[in-house]
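Asker: Would you mind keeping the following structure in view while I ask a few things?
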Amino acid sequence: MMLDPFSLSISTVADTLNSNIDCGLNEREIKLRLKTYGKNEIAANQTKSRWKILFDQFKDPIIFILAIAAGLTFLFNEDLPETIAIITVILITITIGFIMELQGIRSLEALRKMGFIESTVLRDGKIKTIKASLLVPGDVLLIEAGDVVSADARLITAENLMVKEASLTGESRAVEKRVNSLPVNTVLSDRKNMVFKGTTVEQGSAKAIVVATGTNTELGKIQKMGGDVEEQRTPLEKKLNALSKWLIWLTLIFGILIVFTGYLRGLDMLLIIETAVALAVAAIPEGLPVVATIALARGMLKLSKRQVIIKKMEGVETLGATNIICTDKTGTLTEDKMQVHTLVFEDEILKEIQNNSPTQLDDVKHSQAFCALMMTSILCNNVVLNTEQLKGDSIEIALVQFAEKLHFDLNKIKENNPEKTEIPFNTSSKLMATLNKNDDGFTVYAKGAFESIVNYCDTILNDEKPQEFKNKREWLSHVSDMASQGLRVLAFAYKHQETEPKKDDLLSHLTFIGVIGFLDPAREDVKSTINVYKEAGIKVVMMTGDHPGTAKKIAEEIGLLPKNAASNCIIHGNELQFEGQASPTAHKNLLDASVFARVTPEQKLKLVTFYQENENVVGMFGDGINDIPALRKADIGIAMGIRGTQAAREAADIILKNDKFTTMELAISQGRAVFDHIRQFVVYLLSCNLAEVVSVGLAALLNLPAPLLPLQILFLNLVTDIFPALALGMGKGEVDIMKRPPRKANEPIMGRKRWASTIIYGLSITVAVVGITAYAYFSLQLSSVIINNMAFYTLVLAQLFNVFNMAESKVSFFNNEVIKNPWVWSAIALSLIITVSAYYISPISEALFLTKLTLEQIGWVVIFALGSLALSQIIKRLGGTF
Ligand code: ATP
């Protein structure tokens, strides 16, 4: 590792690192360095170790309860086989938990490996894009606005470079960077000639040489000091854990009650303890949190195959509740393939330039206004020329292409007019300007939104000379006309003087040149997606920095507004008021509006907050540095994989790899399906457990013969319940999933209706189990072992059939998501095979006290089990539950 690179000259740094600042490292050297220094990753990105996963399984309260059960069985019963059986169950529980958690973590690792953080480097003299994890010391890094810096590096060149280092220094304002060397004792926050891993480039561009990677970076050191990052649980996992804990307490109280009443009634202590243990085991839904985690992780993996990367597991859960989607316009709702369409300067309006031949410009080609327009287009422009594919802002690319079409020699013009300084484009000021030096002095070239530019202009170029700018209103109406055709409009201005103007004075006294309208058609597929959202109760809100006219036209084309909508449907940034909250009507208008134009990034953030305060769950599209606060604030931040800046992708919760607005629809429907499934198996597992608790409790209270044994119940919970629950999580989702409103954000997993369903299904199963016990005892007069076995098998079958109760009550029993789910059928088959095998494997059958049943007895088991399904279905359909 290099010591104090900020105090050394660039050449010394490069020499020490054995690198070349003009062509970077070569492949052979990179391989060697990767071996020496390791990958450019830090601890927080590394996943939980296998040992820790295993160790964590022992922390589960269920394991404690089982251990106590094993101890009690041994102490009171001196029954070694049963104690061993319970210990085996503990081991099985731990193994299942371990395997399932490992599977969840593997899915997350697979997602991480897709590596969406990339870096641009100079290697072997060529510009390459590589995974950031493969950076090595000595690499020459190229960075630009919107990038997240991937390693610590010493700057070689820097142009207008401003970097936000809040993650490192806590300073929220961007810091200006320079290349000159600094004294050895310079503190971290003052090391202006360095860029650090994890910081964000807000403006400008730079070339830098990597001096530290991975844990050797400043960020790595901080994280090492902080120790292991505490593992975060999703809100859903927390809710489920809370539910499990609640059930455990309930069971303990119930258990103590049974022991106490049993003791008072003078029952055999052994029997009492046995019942209490059985009850404790019956009440706890062992598989619940794990099955939920698996469902979420599977949802994530499934979406990743369809180009949607979900970075945090809770994202899947939030998606299902999203009811407002805020989106920008350019590139998300439109194609972002700009073309120059209309030129307006002096008295000339030249329309549909792209469709006609450039010869239509012959008459005006030599006018001063047209030349000034073209010079501004070429010089006030940051597109990188001479590359295979033009890189940069699409509006600027359109200007370059237009100039090339008219045979302007762009390189020569740039060479003869070197740029001295630049006011970069920013979404708040909505303009950009450059100061260029030429033979006879200095020229300022400016372009931007009409309202922004016109404020600085007091003259207009007319009849080959600047004249007083009197007809601003007339121009405003030209611009509105163009915008109402859906064109994106840019205004142009300049000023020339012999002496160099001061940086603060660049924009004063400009001469207006004219405007250019760009065509950016709406995306074809957006309209149908917006209709799907409408049906799904999700409101789409367009928040654009563009002109209200352009916004309105595009909104009409994609069906966000009706055709020829009144212009007051659109809220202008100037009209937005949040502080001291406006009148109730204004409040309502704000909630009802679906198009906001000329809004700044700060206003976008305020709008997101406003929606959230009014109990909405907000998804937000964003791609620029300025969108980051709103992306973070939104419940779901969404960034585009191709077009979005790295910083936006870092801040977002979801990345759409294919940049398509329409893919969000898939993500939302998947999010809804996953939540539905989680609810289904919570109801399923709880109703099964309820059946067990009530059956055991009733048997104890009514002094019934042959109650269910603890090991039988454990077998049920671990073998027969888990597979159908997992299978429910594999379902496709109901067909009408996008035809119903989103669930409310604060809606609990289990509402009143679902508790009612759980009780109905649980009691139906209990009726069957208690029913067969009573029938076998009173009517068939069978032995207690046979009665116990018949009750046990009835419980197994009734619980398996219970899975079919999980479909919604409004769909047909024979045609629904659950019955059509092949995983459910496989799970039932698997559970049955395991149950039958248990009978044939003698140690298991002995531990479970299984004995041979006659065909008639099996027939009764099937009838009673089917009866429980029929009973639940009748009550459910009559009562309209779930
Ligand atoms: P959105 O992407 O949110 O739909 P937008 O891209 O139209 O909106 P901004 O990027 O904030 O919004 O642009 C606002 C205005 O700034 C544009 O309408 C245009 O007039 C002007 N503008 C856009 N890009 C540039 C640029 N590269 N240089 C100068 N002005 C620009």
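Cβ atoms are placed via backbone N, Cα and C, with glycine included.
TrEMBL feature annotations, pasted as is:
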DOMAIN    4-78  domain 'Cation-transporting P-type ATPase N-terminal'
TRANSMEM  83-102  transmembrane segment
TRANSMEM  246-264  transmembrane segment
TRANSMEM  270-297  transmembrane segment
TRANSMEM  681-702  transmembrane segment
TRANSMEM  708-730  transmembrane segment
TRANSMEM  759-778  transmembrane segment
TRANSMEM  784-803  transmembrane segment
TRANSMEM  823-842  transmembrane segment
TRANSMEM  857-875  transmembrane segment
Asker: Top stretch among 83-102, 270-297, 681-702, 784-803, 823-842 for CB pairs under 8 A with the transmembrane segment (708-730)?
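Answerer: When the Cβ pairs under 8 Å are tallied, 270-297 comes out ahead.
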Asker: Tally of helix, strand and coil residues over the domain 'Cation-transporting P-type ATPase N-terminal' (4-78) according to DSSP?
Answerer: 49 helix, 1 strand, 25 coil
Asker: Under 8 angstroms for C-beta pairs, at least 3 of them, ignoring pairs fewer than 6 apart in sequence. Is the transmembrane segment (270-297) in contact with the transmembrane segment (857-875) by that rule?
Answerer: no
Asker: Cβ under 8 Å, sequence separation of at least 6 from the ends of the transmembrane segment (681-702): give me the contacting residues as numbers and ranges.
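Answerer: Cβ under 8 Å, 6 or more out: 240, 243, 247, 251, 254, 258, 262, 275, 278-279, 282-285, 287-288, 291-292, 295, 708, 713, 716-717, 721, 724-726, 728-729, 749-750, 754, 757-763, 765-766, 769-770, 773, 791, 795, 798-799, 802-803, 805-806, 882.
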Asker: Taking contact to mean three or more C-beta pairs under 8 angstroms, with sequence separation of 6 or more, is the transmembrane segment (759-778) in contact with the transmembrane segment (784-803)?
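Answerer: Stretch pair touches.
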Asker: If I take every residue in the domain 'Cation-transporting P-type ATPase N-terminal' (4-78) and average their pLDDT values, what number comes out?
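Answerer: For the domain 'Cation-transporting P-type ATPase N-terminal' (4-78), the model's average pLDDT rounds to 81.
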Asker: I need to check the long-range neighbours of the transmembrane segment (83-102): which residues 6 or more away from its ends have a CB within less than 8 Å of a CB in the stretch?
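Answerer: Long-range Cβ neighbours of the transmembrane segment (83-102): 50, 53-54, 56-58, 60, 62-63, 66-67, 69-70, 73-74, 286-287, 290-291, 293-294, 710-711, 714, 718, 722, 847.
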